[in-house]
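See below for the structure under consideration.
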Amino acid sequence: MLTLSERAGNIARRIRKDDHLIELLTQKKEGDEANPRFVQDFKTLADVLIQETVRHFIGTQFPELAPHIKGEESAKFSNALGETVTVEVKSTKEETAEMLCKVLDGDQAAAEMLAEEVHRVVEIDRVNIGYVPIPPDLELPIEDLGIWIDPIDSTAEYIAGDPAGAPIPDPQAMAASGLHCVTILIGAYDRNTGTPVMGIVNQPFYSRNFDDQYVGRCCWGVCWGEVRIFSNPICDCDSQSKLIAISGSENPEIKTSLEEAGYTVCQAAGAGYKLYCVILGIAQAYILTRDSTFKWDTCGPQAILRAHGGDILIFSTLGEHNRSVRYTKNDVDEGVPDLMAQYCNRGGIVAYRSANTLCDIINALCEEVEDE
């Protein structure tokens with residue numbers, strides 16, 4: 001899955017290099033697919049193609065997992081002629097290119113380029129995953145797992161891109177916006193318990209190389225039984241200033257209470273990126289009181305945080321039951337087709353790496369939690 005996440009990153013970078021493709025492939029989400037937090041929410045072919053690439057190759061390698069792989073995006077995409085095409089990865093590069101050509105209104109060159117990236121094999125030594133080796137004998141209960149994919153988290157930042165000549169963000173600081181905030185999230189969970197057990201966060205636009213081309217990095221973690229394995233963070237959470245990530249729409253009373261408790265509150269784009277900053281130790285926690293994250297946002301990051309000794313809790317249970325986010329479907333009418341309702345993280349979230357930080361947050365917010 002690590003190499004699949006990098007293959008996904010390659011697709012995202014390749015599309016992002018071509019402004020014509022970005023304009024051509026952007027399609028506004030409609031109806032039940034739209035996130036109510038945003039005035040405009042977008043679906044791009046990059047989202048759908050990355051999701052279906054991960055789905056296809058995981059399902060090919062582990063057929064028993066295939067029925068249990070879910071993603072944020074619908075696989076249907078409408079071209080300029082109004083034709084609806086189901087985006088799916090075929091068994092050969094040529095067949096995939098033929099399918100993509102229909103989405104791209106006959107643009108054969110673009111279709112072949114994207115198909116090339118979809119089917120390009122990525123070796124593990126080409127993935128920037130830090131210094132912790134992956135145990136060759138690590139086994140997970142494949143028959144009991146489900147997979148959540150968020151193909152491009154922070155799609156608006158992906159579409160907007162970075163201004164020409166924009167500086168590379170400090171890797172030990174939180175970026176407010178831009179391509180640096182884009183992440184690809186893959187998580188595995190135990191279908192019996194809803195507990196996340198494995199996670200990958202790929203940051204495809206981490207930095208730029210000597211040729212001014214974007215390069216990525218990737219972190220991962222496994223939390224299964226007694227196994228706790230994770231890639232190295234870039235800094236020590238406990239030694240950092242008391243930084244907490246929030247969204248721009250956060251409750252002002254929450255922000256005030258955190259600041260009065262001595263925390264520095266920092267806003268940034270993308271739930272996946274803010275969770276990634278907690279994993280890396282850039283922030284000590286991420287607090288969101290609204291129902292605006294979903295299972296695809298949190299599954300992978302939560303598994304990594306649990307491997308670190310942290311977790312993602314439901315904000316509304318803070319200080320009372322401290323319930324962890326789980327990955328079973330919400331209790332809604334089965335006839336409701338709205339994925340947002342079925343898989344929303346209701347009650348908000350609190351993501352943290354340190355038990356001491358969690359205690360401090362509970363003490364700082366106890367009155368606000370009681371009022372929620």
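Glycine too: its Cβ is placed from the backbone N, Cα and C atoms.
Per TrEMBL, the features are as follows:
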- E72, D150, I152, D153, D297: Mg(2+) binding site (BINDING)
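The structure, with features from TrEMBL marked on it.
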{"residue": "E72", "record": "Mg(2+) binding site", "CB count, 10 Å": "25"}
{"residue": "D150", "record": "Mg(2+) binding site", "CB count, 10 Å": "30"}
{"residue": "I152", "record": "Mg(2+) binding site", "CB count, 10 Å": "32"}
{"residue": "D153", "record": "Mg(2+) binding site", "CB count, 10 Å": "28"}
{"residue": "D297", "record": "Mg(2+) binding site", "CB count, 10 Å": "29"}
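Within 8 A of the CB centroid of the Mg(2+) site residues E72, D150, I152, D153, D297, the other residues of that chain are D47, I149, P151, S154, T155, T183, I184, L185, A271, G272, W296.
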